[in-house]
Amino acid sequence: MASSSTFPQSSSPVDVAAASSPSPPSVAMANQGKEWHKDMAFYRAALTGEWYTAKQFLNRDGGRAVHARLGYYSETPLHVAVAAGNSESFVSNLLDLISDDSSLALTDSYGNSPLHVAAAAGNYHAAEILVARCPNLVHLSNHDSKFPHHSAADYGHGKILGMLISNTNDNHPVNPFAGDGGVCLLLSMVESGFFDMALYLVGKYPDLEWMKPKSIGRVLNKIAAKATTFDGNDSLSFWKRFIYWCVLKMDVKSQSFDVENQTSLESPKWCKLVLKLHSILCQVIKYLVPGIDRFHEKKLMHEQTIELVKCLCKHMESLDYNDAAAICSETMLTAAESGSHDVVLEIVETFPLAVHFRNSLDQNFLHLAIKNRCEKVFNLMYRTSKCRYQYSNAIDNDGNSILHLAARLAPFHKLSSVSGAALQMQREIQWFQEASKFVSSYTRGLQNSSGETAEMIFTKEHRDLKIEGETWMKDTANSCSIAAALIVTIVFAAAITVPGGNQSDSGYPMFYESSAFTIFAVSDAASLFTSSTSLLMFLSILTSRYAEHDFLYALPKRLCIGLFMLFLSILFMMIAFSSTLYLVFGRKKAWVLLPVGALTCLPISSFVLLQFPLLRDVISSTYGRGVFGKQSGRTRTFP
């Protein structure tokens, strides 16, 4: 659920309404003569929450200024006060002076009541007081036929929206959820991420306008376009993820918007106690484990989104074929283009023929998924039946197969998600190779309407990226080879000039019988060997021919070995250095060892913090499972 944001203190209800009309009305002040400055003083008091100043003005005016039009858009003092939102007592005191509830429904030039303004400004306290004082404000719309619910949803104030939904009277002749306004409200809730409340309304009012074919299509299309709702890039460490799946996963299934906000009375007492203890445990874990709270909220939103899509798809089964096909066609292609793989699954589950739908360019869902590098949608191909050749070998209006589209350069936002130009080039080659697995041998050599094969397009489109990858690889190898060469020099010199020197009579090292000297000798030799290996790996990177296919395995493999060996050489060098200090100072000045040992960890930890992310990415993209072939927990068979 989107969090409530603070409305700017300098803003007034004018700003809330301004978006709904391109032309502002004329200035409407209570005193447009020579007394205008008095109204301005009252306006400033309402804006800043200075009740003492406002009270003095009201006493002199006999209380009539409560209904005055102060702002540029004919706002009342109540409009100004709830928009400012900086003093709860000011609003309460002002309401005490308004005896007639109908005065609370006074609107500005755009038809916004004070409740509209409070909902848009995120002023929950004022909205709660207004609803308690005059419940009919919930059912009052502005000139654009929008209710306070719309203002809360548009500006992302979920707490206020939930309160307004809870206080909406189903028996009132004006229903905020009916007609096109209800559809717009549902779309705003989806846009702001309030899927729990959207699911609640769809379930409670299944006969309203939002369940008509056109409206279902609009809502599903809006959900399909929100790829971030289905994005799984929020990664946690292994132990954090383990805690989440052990403790917090059940909480995701159980949480939903409850208008009554109370536990079922039929539940046994022990069940209520267990749920209460589990809730407390979840809150403690969220507090103690950084990042898991945000991950939990996103997973909760994900589950609620899937439930909403299922609900809409279930209702779609009652429509005739043409209406269902029109809805599924647009939603399927939008979901494939944005990467909303769960929507694709639900659409195909409801309407299996959706995999064959094409857009205006005669491209199916697989064309769009590959063109936009939506790997989760593409991975659905790994669970397809043998009939997949019918759409995997499809050709668009320009004669492009899925392999031609895989040969084109990825969108910038997808390309930049991979670190380093060399790894970006590697990912592009992986995409091309994966796409080639699903096309026939004839399609692989097919030329498009421009006379280009997929290989020709790949070479042309990735020429600049290949140069950038070569530069990135050489710069990285240059930097690391300097460090490796320095380590080789240091440890080789240390092996010749052993600590303590040699015995004059026998020529043996002074400390050759000490175990610390053995550790020194072994670690120094290991550092020499690993740094030399690292140096050779980086030199091989510098002298590589940098062909396209080299970026797939050869260059990343050498970079992995070079970085890993460089890390080991630094580690062994620090061990050798520590052993030397122990041999020299360990017997008479043992206190020296503690700070030196602590400082020894500094270069090692620095290397891990600075270079390990790169090493991890290279290993993962080269030897790991990667982004292809991964299956979600939902194991349905794709047509």
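We number each residue from 1, going along the chain as drawn.
Heads up, the Cβ atoms here are built off N, Cα and C, so glycines get one too.
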From 1-31, 32-62, 373-403, 497-527, the residue range that TrEMBL assigns the feature region 'Disordered': 1-31
Within the repeat 'ANK' (73-96), residues counted as helix, strand or coil by DSSP: 17 helix, 0 strand, 7 coil
Secondary structure content, the domain 'PGG' (471-584) (per DSSP, counts of residues): 89 helix, 2 strand, 23 coil
Confidence summary (mean pLDDT) of the repeat 'ANK' (110-142): 93
